[in-house]
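First the structure, in the form of structure tokens, and then the observations on it.
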Ligand SMILES: Nc1ccn([C@@H]2O[C@H](COP(=O)(O)OP(=O)(O)OP(=O)(O)O)[C@@H](O)[C@H]2O)c(=O)n1
Ligand SMILES: C[C@](O)(CO)[C@H](O)COP(=O)(O)O
């Protein structure tokens, strides 16, 4: 069974306070995208990697990965994560399965990647690593003029999970889902929160496997500091 990986790296890191390719910022001395591609290589189960980059940085991503000794096809992403993943899927060629991953989850352990692929090989069409949520989660209504938000409902935490990546799919299923919802991808507000959302919407069951705290998404400045500590401990 062949496995391709699409690593979304075309974001600009707004919440990190950046205005440029977040995937090129350094963590433990190496760009996030290099960490992400290395995890795929070290998993031993991925045959080919496609990386999405901001249009103006495609060459820089190619040079960065080549210098680090990794082979990957780099393509221009889009204005939303969904559009970037669609561009990556177009370039992924033929494979039985595809792993769709965030460059921002740079410390994802190879064992987690293997866990996702094992569940695909066992017959699941869509597999997502997930962790239980640790906070109580409440549904809120519209913000009031005094800045407060009204609570509408307290959700049952025991049946809530936080979704991570890589999310693994049968290649045909995820391509079908992305094509079906391509029109929405142009608008940030209407783009899908993750790829499993699109696959669910076309009717495929999604199976969860155990995620990892190391697969945290480096989104805000504190995440980067936590990731630096984790990388120092792992190394
Ligand atoms: N147009 C986009 C937006 C995001 N991503 C990628 O999707 C992953 C998850 O996105 P996020 O962590 O939100 O990254 P940014 O979009 O860079 O962050 P922000 O929303 O703060 O700008 C990242 O690896 C990012 O590079 C992408 O490929 N194309
Ligand atoms: C795909 C994802 O990482 C799953 O948790 C997440 O939905 C990406 O969200 P972002 O706002 O694009 O970072």
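Here, residue 1 is simply the first one shown, and the rest follow in order.
Every residue gets a Cβ built from N, Cα and C, even glycine.
Within the same chain, the residues at least 6 positions away from residue 15 (site 'Transition state stabilizer') whose Cβ sits under 8 Å from its Cβ are 219, 220, listed in sequence order. If you look up TrEMBL, you'll see 15 (among others) marked as site 'Transition state stabilizer'.
The site 'Transition state stabilizer' annotation in TrEMBL covers 22 (among others). Around the Cβ of residue 22 (site 'Transition state stabilizer'), the same chain contributes 9, 11, 12, 13, 16, 32, 103, 104, 218, each under 8 angstroms and 6 or more positions distant in sequence.
Under the heading site 'Positions MEP for the nucleophilic attack', TrEMBL lists 157 (among others). DSSP assigns residue 157 (site 'Positions MEP for the nucleophilic attack') to a helical segment in the three-state reduction. Taking the Cβ of residue 157 (site 'Positions MEP for the nucleophilic attack') as centre and 10 Å as the limit, one finds 13 other Cβ atoms among all the protein chains shown.
The site 'Positions MEP for the nucleophilic attack' annotation in TrEMBL covers 217 (among others). In the three-state DSSP scheme, residue 217 (site 'Positions MEP for the nucleophilic attack') falls into the coil class.
Annotation for residue 217 (site 'Positions MEP for the nucleophilic attack'): same-chain Cβ neighbours under 8 Å, separated by at least 6 residues, are 102, 104, 105, 164, 223. With a cut-off of 6 Å between Cβ and the nearest atom of ligand 2, the recorded sites 15, 22, 157, 217 reduce to 217. Checking the recorded sites 15, 22, 157 against ligand 1 with a 6 Å cutoff on the Cβ atom leaves 15, 22, in sequence order.
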